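Engineer: One structure, as structure tokens, below. Some questions next.
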């Protein structure tokens, strides 16, 4: 494959997966509550259990990938996710729901680390730029998927929501077929560093802990916002897909220009500090929508999502540089797996904690939103104090697959 070919093919994989993710993100919360019949708190509990179990399994799996074919591992993980989603509409049992979502979580978390390692292998010093392009494409695809899902949300029928889940499964199958074309992506050279070193790296653990707190912000729009709009504001629920689209288009347009400016750990830490302050403002705007009339509520929701997206872009740019810049290149997959504990921990905490904290009426709702904003602000603010040094590593070596 000619130079640049693997990157373009991986971009296509990212775009296809994102299309399904957009449909799933908009419809899954309503599917779990309206079709499967779980209360928001019960849904959150089930997703939390699945996230915990997925988290416990995903890190050992990323260690196994070192020295093995990343292409094959990625293919298998996409297939696991597809099968789990095909099974999801068939269940009404809470226990089976947890089992299916656990399998899906294992596949998704491990695939995320493998995808990031592939980017590190292919791009080398251009990894931040390539990852920013991939993230922009991810958001473009997710926006397109969200728009496609608007018909299902407007229909509000069980069958429409089930079709969204099955459509996501089909996109994962298509992505798996595309991954077969990544033939020039090789195996990572085995490291002389002992397995498990990432968990013993104090600085990397600190980065991961900060990112775990910051990653709660992703679930404001994807998980809490749909239920907030439907149950606590006067805005029509048909606005939900368009809030997703605004978020994703902004990321698609702005992520690459901002990420290009983040070239070292110090700048990355400052990005986290900026994002924390921005999140406080965005959450205050979203909270204010609860006490407004229909028109004003819609305006506050769009403004809140726009401000939140600016914070998300700075957070993503900073976290990406930290995840690569502090990791030794010969154990990139393992370190990416450990860094994924940040998002994984947020996935564990967010469904239940944010539902309990934010989805309240009256003053409790205000306090919940502002309290979350304060937590994110504090996490971002301490980042430069903790991450003062720059981590330099030798170039990444990749063996070609034959």
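Backbone N, Cα and C atoms are what each Cβ position is placed from, and that goes for glycine too.
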Engineer: Kindly point out the range from 9-33, 84-108 that TrEMBL annotates with transmembrane segment.
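Structural biologist: In TrEMBL, the transmembrane segment feature sits at 9-33.
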Engineer: Please work out which recorded stretch in 45-65, 206-228, 240-259, 335-354 has the most C-beta pairs separated by under 8 angstroms from the transmembrane segment (132-153)?
Structural biologist: 240-259
Engineer: With pairs fewer than 6 apart in sequence excluded, do the transmembrane segment (206-228) and the transmembrane segment (366-387) have three or more C-beta pairs that lie under 8 Å?
Structural biologist: yes
Engineer: Between the transmembrane segment (165-185) and the transmembrane segment (9-33), are there three or more C-beta pairs closer than 8 Å, counting only pairs 6 or more apart along the chain?
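Structural biologist: They do touch: at least three Cβ pairs between the two stretches lie under 8 Å.
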Engineer: Taking the transmembrane segment (240-259) as the first stretch and the transmembrane segment (45-65) as the second, find out whether 3 or more Cβ pairs fall under 8 Å, excluding pairs closer than 6 in sequence.
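Structural biologist: Output no: the transmembrane segment (240-259) is apart from the transmembrane segment (45-65).
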Engineer: If you count every Cβ pair below 8 Å, which range out of 9-33, 45-65, 335-354 shares the most with the transmembrane segment (206-228)?
Structural biologist: 335-354
